[in-house]
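S.K.: Annotations for this protein, taken from TrEMBL, read as follows:
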type	residues	note
COMPBIAS	33-43	compositional bias 'Basic and acidic residues'
REGION	33-53	region 'Disordered'
DOMAIN	65-160	domain 'Protein kinase'
BINDING	Lys94	ATP binding site
Amino acid sequence: MVRLQQSYSPHSGVLPERAAHFAVGYAVECRDGRGDSRDRDHSTGGPSLFQPGDRIVDEYSKEEFHVDQFLGKGGFAECFAVRSNRFRGQFALKVVEKAKLKDPSYSKMHREINLHRSVSHPNIVRLRGSFQDRHYFFLVMELCQERTLLSLINQSKRKF
């Protein structure tokens, strides 16, 4: 079993019920001198927040995530396949833009993270860790290889 966070400090990605603390701060190093992703155009239909080759660093733990591939986009977040400098294999990094969240205290986001962390089931993707900065929440999750929920549904329909 791979664990991104070993300790139960406020910055470990484990969020206590009474106080949801996050490691604050990250750095983005973009290849080809494109600058920080926050300087890019993120309007609808524009480029994604991060590009393959970008490096996202949790400034508290110094863990680096190297972006391999854009996976998808929802109403509030984008998801990327990333590699960690500490652990083998790929992970999914869900990046939630704070500007798109209505609640300034982010209580729903904290609840989602706490709930996701408390659930353990073979059919539910595991949350491995989380951190944030002024602009984004970052959720490090297991990466489901080669299958989407839609592909599994379509496959099960063909069996019957």
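Glycine is no exception: its Cβ is also placed from the backbone N, Cα and C atoms.
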S.K.: Once the DSSP letters are reduced so that anything not helix or strand counts as coil, what is Lys94 (ATP binding site)?
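M.R.: In three-state terms, Lys94 (ATP binding site) counts as strand.
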S.K.: Would you mind checking how many other C-beta atoms are within 10 angstroms of the C-beta on Lys94 (ATP binding site)?
M.R.: 23
S.K.: Using DSSP, how many residues in the domain 'Protein kinase' (65-160) fall into helix, strand and coil?
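M.R.: Going through the domain 'Protein kinase' (65-160) residue by residue, I get 26 helix, 38 strand, 32 coil.
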S.K.: Within the domain 'Protein kinase' (65-160) only, compute the mean pLDDT.
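M.R.: Per the prediction, mean pLDDT sits at 88 for the domain 'Protein kinase' (65-160).
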